[in-house]
Every structure is written in C-alpha cells, then in structure tokens.
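Here is the structure we will look at, set down as structure tokens.
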Amino acid sequence: MSLQENVIRPTANFPPSVWGDQFLTYDEREDQAGLEKVVEDLKDKVRQEILGTLDVPSQHTDLLRLIDSIQRLGIAYHFEEEIDRTLHHFYDAYGDNWTGGATSVWFRIMRQHGFFVSSDVFKSYKDKNGAFKEPLENDIVGFLELYEATYLRVPGEVILDDALVFTKGRLGEISNDPLWRNSIVSTQIIEALEQPVQKRLHRHEALRYITFYQQQASCNESLLKLAKLGFNLLQSLHKKELSQVYKWWKGFDVPTNLPYARNRMVECYFWSLSVFFEPKYSESRMFLAKVFAVETILDDTYDAFGTYEELEIFTAAVHRSSVTCLDALPKNYKLIYRIILSLYEDMEKILTKMGKAHHLNYIRNAMMEYIGCYLKEAKWANDEYTPTMEEHKEVTTVSSGYKFSLIASFAAMGDAITDETFKWALTMPPLAKACCVLCRVMDDIVTHKEEQERKHVASGIQCYMKEFDVTEQHVYDVFNAKVEDAWVEMNEESLKCKDVKRPVIMRVINLARAMDVLYKNKDHYTHVGPELINHIKSLVVDPIMA
C-alpha cells in the first residue's frame with residue numbers, strides 16, 4: 001500500500017519543539033554519593049521526630065503539622081510507613097472526633113490518605129444562625145486551611161460546598177486588602193485561589209512550599225535541608241531518564257519522517273513526571289512518557305493526516321500486532337507501527353524481569369480499544385456526522401487516550417499491581433471514568449476551536465450546542481461545572497475504593513492534576529509557551545540553590 005495521491009489532508013501545522021536537542025546528553029553529579037549519605041542521615045532524624053511523639057496526645061497537632069510539611073515539601077515518599085502508621089493511630093484514637101488543633105489540616109490529610117472522616121467537624125465553624133463565622137484577623141491562615149479542606153469534599157456535603165463559596169469570596173477580598181497585599185499570606189492566598197493544594201503537582205508544590213517554609217519562624221532546618229537536597233538528587237535522576245527517553249525518540253526522527261505530528265517528547269516526559277515522580281517508579285515513568293509520545297503521534301495521524309481508508313488498514317494492523325503487517329503499510333504508517341512495536345518490546349522486557357510478562361496483554365487490549373475508538377471518530381469525520389452527546393462521550397472518553405494512559409501507568413509498578421488491577425481499570429470504574437471525563441472535557445474546552453479549522457470530528461462543544469440548541473458560552477459553563485463535579489466524584493471514589501491500593505488511586509488523581517497544568521485555560525501542550533517552559537525547567541533543568 002502507498003499513500004494516496006492527490007489527497008487533501010487536514011494537516012494542522014503544529015508548532016515545532018522549543019527544546020532542540022538539549023536533553024540528549026546527561027552529566028551525572030560528581031558529589032551525588034556524598035549527598036546521598038547526608039540525605040540518609042537527615043531521613044533518620046526526621047523519622048525519629050515523626051515517631052517520637054506518636055504516643056503523646058498533647059503533641060498530636062504538632063505532629064499533624066509536621067506531616068503536612070513533609071507532604072508539601074515533596075519528601076513524604078521517604079516516610080510512607082511512618083506516615084501511614086501515624087494516621088492509622090490518629091484514626092483509631094479519634095475517629096471522626098479530632099480534638100487537636102488545625103482541624104482543616106487534619107481533615108484534608110486524612111481524606112488524602114483514604115480515611116473517610118466526617119465533615120461534621122466543621123459545624124463548629126458556623127454561628128447560631130447557621131452562617132460561617134468571619135475569619136479572625138490573627139487566623140487568616142486557618143481560614144485558608146478551611147478553603148483547602150473544601151477541595152476534599154464529596155457529593156452531598158453541603159457544609160463544604162457552602163464553605164468553599166464563603167472562603168473563596170473572603171480570601172479574594174483579603175488578598176486585595178492593602179494591609180495584606182505584599183505579605184507571605186497574601187501570596188499563599190493568591191496561589192491557592194489559582195490552584196488549590198488538591199490539584200497541584202507534587203513537584204511544583206514542593207518548589208512553592210520550600211520557598212514559603214524557609215521564611216517561617218517554625219521552620220525545621222533538618223526538614224528544609226532534606227527537602228532541598230532531596231529535590232536536587234531526584235532532579236538528577238529525572239534528567240537522566242529524560243535523556244534516555246529522548247534518545248529513544250530521536251532514533252525515529254519524527255520531525256523529518258512524520259512532519260505533520262507534534263514533536264513533544266520533553267513535554268511527554270513532564271506529563272509522566274506529573275503522574276509519578278518517586279525514584280521507585282523510574283521504569284514506569286519512562287515507559288509512560290513513551291506512551292504519551294505514541295498517543296500524540298496517533299492523535300495527529302487520525303485527526304490531522306490520515307484518510308479513512310488508510311486508517312482502517314492501519315487500525316487492523318495494530319489489532320494484529322505483528323511485524324508481518326509492516327509490508328501492507330505505507331512509509332509513514334510503517335514508522336508509527338515500528339514505534340508501537342518498540343513500546344511493546346520495552347514493556348515486555350520490564351514485565352519479564354518482574355515475572356509479569358502476561359500483563360502486556362492488558363496493555364495491548366487497552367491499545368486496541370483506544371485505537372478502535374479513534375477509527376470511529378475518523379468515520380464520523382469522514383461522514384460529516386455530528387454524534388449525540390451520549391455517543392460522543394462513549395467514544396471520546398476512550399479515544400482521548402486517558403484510559404489507555406492510566407492502564408499503561410500501572411504496567412511497571414511492581415507488586416502494587418495485580419491482574420485484578422488491570423481488570424478493574426479496563427471496566428472503566430467510577431474513579432477512572434470521572435478522571436477520563438475531566439480530562440476529555442478540559443481538552444475539549446481549549447482545543448475545539450483550533451481543531452474545527454480543519455476537517456475534524458465534531459467536538460463535545462459542538463455536539464452539545466447542536467443537541468441542546470445553546471450558545472458556546474453556555475456549553476463552557478456546563479463543561480467547567482463537569483470538571484469540578486468530576487473532582488468531587490474522584491474524591492468520593494478514592495475513599496470508597498477499599499480494594500484498590502493507594503498507589504493505583506494516586507495515578508488516577510495525578511493524571512487529573514497534570515491536566516490542571518497542561519490544559520488549564522489554553523492548550524499548553526500544543527502551544528508550548530513561557531508558562532509550561534518555566535514549569536519544565538524548574539523540574540528538570542534548574543536545581544534548588546542551597
């Protein structure tokens with residue numbers, strides 16, 4: 001088969017990569033071994049601080065704040081067992097009736113770790129008339145903590161719905177008050193209103209919080225030093241990984257061979273880093289970065305290059321998943337097929353080493369479902385058919401690639417993943433569905449106008465406008481509400497999924513968090529500008545200065 005001649009293709013003319021080949025090489029730090037010894041000593045010291053006051057109720061509020069700082073400084077992965085032990089101790093001792101201070105922090109942390117504590121603790125925040133009490137001038141931080149706690153609410157928690165509206169309004173007023181305008185608290189408020197803690201990427205939050213934490217009188221110097229050294233050491237690992245995946249990508253010379261496709265390997269690694277940053281997930285992180293790169297090529301091939309007839313043949317070849325299919329494909333599709341096979345080979349090596357080679361079948365099945373839905377979209381575009389919202393949702397929550405991304409993210413996670421994990425994810429349970437809906441809707445909001453400039457399947461925005469005869473702005477309002485509803489539903493499902501291990505749940509939540517960076521307000525992934533460039537540089541280029 002050869003590419004069809006005289007075909008008018010809906011090429012999108014995407015912007016080129018902004019990075020060049022700067023990540024092709026990696027220089028390892030000479031002082032790394034010495035720093036690792038310092039980190040281990042600091043970890044021992046902090047570990048003793050966590051466990052030293054566990055049996056002293058009068059110090060539980062301080063212990064809670066220590067755990068909060070550890071989490072927000074990005075070093076909780078060093079102390080998973082100690083934190084888990086502490087929070088179980090809190091739950092056994094207090095249940096829903098926390099008697100210490102910092103109630104909002106307690107509520108947020110407990111729910112973040114899967115403890116379904118009651119929101120009734122906030123009834124005391126209301127006056128006798130049922131209205132929320134105004135923040136005291138000397139406790140603006142406590143008011144901000146209540147705001148952050150509301151983002152862990154579940155459907156039907158009216159008290160937290162009301163608290164969000166109340167705190168959001170008051171915090172906006174406080175941030176503009178001349179008395180607070182240039183203060184650290186004002187900066188915290190502005191950042192929280194832009195993106196609450198529950199939606200932040202762990203590594204970005206670590207950078208933010210280190211800057212804030214070192215200015216506090218209560219700053220724990222051991223904790224701060226561990227956070228800074230740990231960030232830089234982990235950044236060295238991330239740089240090395242990025243170099244490895246970039247070399248893999250460079251070998252296919254995508255800009256030359258597939259000039260219609262977005263060249264976004266660096267952004268793909270950042271995306272994967274957003275899903276998991278911890279050292280133990282190194283192989284998972286590199287594999288998922290490659291998955292995102294493959295998904296980008298497939299997206300651009302199905303949306304902005306291929307004819308329906310070509311895509312039918314290519315889809316059938318992917319379903320067969322055999323090197324013997326190469327001869328039947330034209331040049332462009334041959335390369336894409338080789339990249340997919342390379343992806344499978346990488347995963348098979350990793351899984352075989354783990355004794356879980358059969359898990360590759362789940363990834364292949366997810367890929368076939370994903371690419372099959374792409375073909376359905378291509379047929380809609382070819383037939384100039386505008387689907388109903390229900391039809392659109394059923395197909396595009398899969399063709400968007402987020403379900404496949406979730407399943408691929410599990411692949412190299414080791415003992416945390418079983419056959420049941422993959423079976424659970426493949427059925428699109430409520431937690432995964434809410435995440436995929438959130439991702440699809442956020443994507444639609446910021447990409448649909450540019451997509452419709454070429455021949456493209458109707459977006460969710462267009463489908464909704466046609467079916468319900470409403471304005472574009474009305475659909476934006478509806479879709480933005482869907483995003484917030486999805487977050488609330490994910491909160492609930494993450495608390496209810498008792499048979500699903502916490503690391504699995506966190507992959508789902510972190511994928512949603514990544515969307516709040518890549519697709520918030522604009523398509524930062526396609527049109528890489530200063531904001532995303534700075535995000536990426538801060539994580540894989542610029543170390544923290546001691």
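Here the Cβ of each residue, glycine as well, is placed from N, Cα and C on the backbone.
Features as listed in Swiss-Prot:
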- Asp299, Asp303: Mg(2+) 1 binding site (BINDING)
- Asp299, Asp303: Mg(2+) 2 binding site (BINDING)
- 299-303: motif 'DDXXD motif' (MOTIF)
- Asp443, Glu451: Mg(2+) 3 binding site (BINDING)
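Features per Swiss-Prot, on structure.
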residue: Asp299; record: Mg(2+) 1 binding site; DSSP class: helix
residue: Asp443; record: Mg(2+) 3 binding site; DSSP class: helix
residue: Glu451; record: Mg(2+) 3 binding site; DSSP class: helix
* Structure fact -> Long-range Cβ list for Asp299 (Mg(2+) 1 binding site), cut-off under 8 Å, min separation 6+ in sequence, same chain only, gives Tyr374, Gly401
* Using Cβ-Cβ distances, find the residues under 8 Å from Glu451 (Mg(2+) 3 binding site) that belong to the same chain and are at least 6 apart in sequence, listing them in sequence order. => Asp303, Ser459
* To do: Might you list, by sequence position, any residue in that chain lying six or more from Asp443 (Mg(2+) 3 binding site) with a Cβ less than 8 Å away from its Cβ?
  => Ser400, Met515, Tyr519
* To do: Ten-angstrom check, please: count other Cβ atoms within 10 Å of the Cβ of Asp303 (Mg(2+) 1 binding site), all chains counted.
  => 22
